[in-house]
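For reference, the structure discussed in these notes is given below.
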Amino acid sequence: MSVSKARLQSVVRLSRTVPYSKTMVRSFHVSCAVKNSGNVPTPRNKSFFSRALEMAEVTSSLSMLGAVALFQSLRRLNNSSPKGKSGVPKKNIVVLGSGWGAVAAIKNLDPSLYNITLVSPRDHFLFTPMLPSCTVGTLRLPSITEPIVALFKGKIDPSNIHQAECTAIDTSAKKVTIRGTTEANEGKEAVIPYDTLVFAIGAGNQTFGIQGVRDHGCFLKEAGDAKKVFNRIFEILEQVRFNKDLSPEERARLLHITVVGGGPTGMEFAAEMQDFIDNDVKDMFPELQKDIHVTLIEAAPGVLPMFTKSLITYTENLFKNLNIKIMTKTVVKDVNEKNLIVQKTNPDGSKAMQEIPYGMLVWAAGITARPLTRTLMSSIPEQSGARKGLIVDEFFRVKGVPEMYAVGDCAFSGLPATAQVANQQGAWLAKNLNVEGKKFALHERIQALEKQLGEKEAPSQVAGLKQQVEQLKLEPFKYHHQGALAYVGDEKAIADLKLPFMKKMLPLQGIVGHTFWRLAYLNELISARSQFMVLIDWLKTRLFGRYDAKV
């Protein structure tokens with residue numbers, strides 16, 4: 001594919017404005033055919049010359065992108081270093097979580113104003129938009145995870161980073177109780193005091209009370225989830241290959257991959273899985289390729305409701321061409337080891353129960369509040385009306401609790417539960433916390449001067465400081481929606497972009513989006529290390545196929 005210089009420059013400019021979303025957006029390829037959504041190209045075999053030319057183009061493009069991404073990452077790293085103001089009184093701030101909201105907050109906090117402590121059950125930040133790519137080996141998990149200690153080197157004292165789970169919060173005494181999650185400190189508890197608390201623990205998987213989902217299904221929210229899916233895929237393929245005496249029914253069941261949830265996460269996994277079947281199973285398990293298939297189940301009337309109608313139609317047509325079956329208006333009622341029990345709404349409005357055999361179930365049907373969040377919602381009187389998360393105001397202050405803030409999926413703000421929202425919330429909160437930190441430092445200086453100089457001389461000395469305090473104002477949060485992206489398979493994607501000079505969303509679809517997506521997410525990857533490793537993974541997949549060793 002050749003792209004004009006002007007168009008490439010346009011794509012680069014757009015990549016700086018498009019964010020990422022948490023369960024929402026992952027990889028995608030975008031075409032300039034904005035309105036011709038029904039014209040879906042059919043996958044085709046490429047000649048050796050075409051593939052060689054494509055490889056050369058990809059190599060040169062990725063080399064250029066790698067240099068740009070490396071420069072940008074080093075620049076961000078330099079800008080995030082501590083300012084090191086000496087002698088300024090600091091408040092102790094505890095941040096719970098290591099996801100989008102927590103990381104954005106810490107990255108933007110001024111370490112000269114706060115002593116920062118981080119508590120998280122995991123020791124890394126996960127770039128969730130690319131997680132579906134790890135389920136089939138397009139990318140490797142280490143490429144999209146960043147160690148917390150390395151990420152905040154020079155900003156947080158390593159002794160203040162705790163791989164632990166917060167089990168209780170005493171909002172009156174301003175203390176959190178944590179329990180270790182590593183082998184070395186598993187089960188051990190500690191208590192950490194705070195002046196300010198940032199609650200950013202995210203959300204859990206919504207199962208609607210169906211126990212069989214947790215017993216037999218796979219989720220797609222954490223790094224370990226992707227590894228579990230990856231291993232399960234190969235277990236199924238090897239089991240069917242080895243056991244020649246399987247009945248036709250059992251063989252068909254094992255080779256049926258089912259996905260529940262028609263949002264971006266579910267759609268993107270289905271797309272990645274079909275790519276794996278079309279491009280890699282044919283080489284590793286050629287006798288199984290024609291039989292393994294993917295079905296996506298969605299309770300609502302349609303998939304991807306956050307996108308424009310033309311993009312939804314494009315995706316549905318593409319999935320049909322790729323042999324991915326979509327079942328809408330289908331509610332999962334129960335899950336056992338081998339079957340899904342669903343209720344299907346027919347075109348005439350009647351309902352019918354159906355049993356769907358499956359070999360692997362990937363559950364991507366939404367999120368729900370974590371137990372600690374639910375405990376807070378039930379124990380704080382001002383949170384009595386909370387359902388999806390803690391009720392916060394426009395400054396992210398938790399209603400009913402002083403000096404406690406909440407951002408991301410654990411907070412209810414009326415906005416979608418996406419990485420884009422959490423990232424903006426975390427950065428905005430940090431900006432306001434820096435204002436609060438400056439006010440605190442100025443008040444401390446004023447009190448010290450008044451104590452040192454006495455009541456007669458102090459007013460003239462502290463007048464300027466008090467004026468500075470008056471000028472420091474908090475700003476209510478303003479969300480800037482920048483678009484939605486989703487990979488839909490066969491090196492194609494969809495995107496609704498919000499551009500500052502346009503009132504309506506700009507819908508994009510198809511192959512050009514692959515370049516756009518890579519530019520956008522390379523720019524958003526949190527470190528030069530991750531950018532380099534992702535580039536290598538893409539190149540490796542292009543040249544040698546997907547990663548196929550279960551390690």
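Using N, Cα and C of the backbone, Cβ positions are placed for all residues, glycine too.
Record features, source Swiss-Prot:
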type    : residues : note
TRANSIT : 1-35     : transit peptide
BINDING : 92-122   : FAD binding site
BINDING : 255-291  : NAD(+) binding site
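DSSP classifies LYS290 (NAD(+) binding site) as coil under the three-state reduction. Taking the binding-site residues SER120, THR265 in turn and counting surrounding C-beta atoms within 10 angstroms, the largest count is reached at THR265. Nearest neighbour of LYS290 (NAD(+) binding site) by Cα distance, taken over the binding-site residues ASN92, ASN108, SER112, SER120: SER120. Here SER120 (FAD binding site) is positioned 30 angstrom away from ALA270 (NAD(+) binding site), judged by their C-alpha atoms.
Contacts of LEU255 (NAD(+) binding site) defined by a Cβ separation under 8 A and a same-chain sequence distance of 6+ are given as ILE236, VAL240, LEU288, ASP291, ILE292, HIS293, GLY359, in order along the sequence. Of all the binding-site residues in the list ASN92, ASN108, ILE116, SER120, the shortest Cα-Cα distance to ASP275 (NAD(+) binding site) is found for SER120. For LEU96 (FAD binding site), the nearest neighbour among the listed binding-site residues (VAL260, ASP280, PHE285), judged by C-alpha distance, is VAL260. For PHE285 (NAD(+) binding site), the nearest of the binding-site residues TRP100, ALA104, ASN108, ILE116 in terms of C-alpha separation is TRP100. In this structure, LEU96 (FAD binding site) is part of a beta strand by DSSP.
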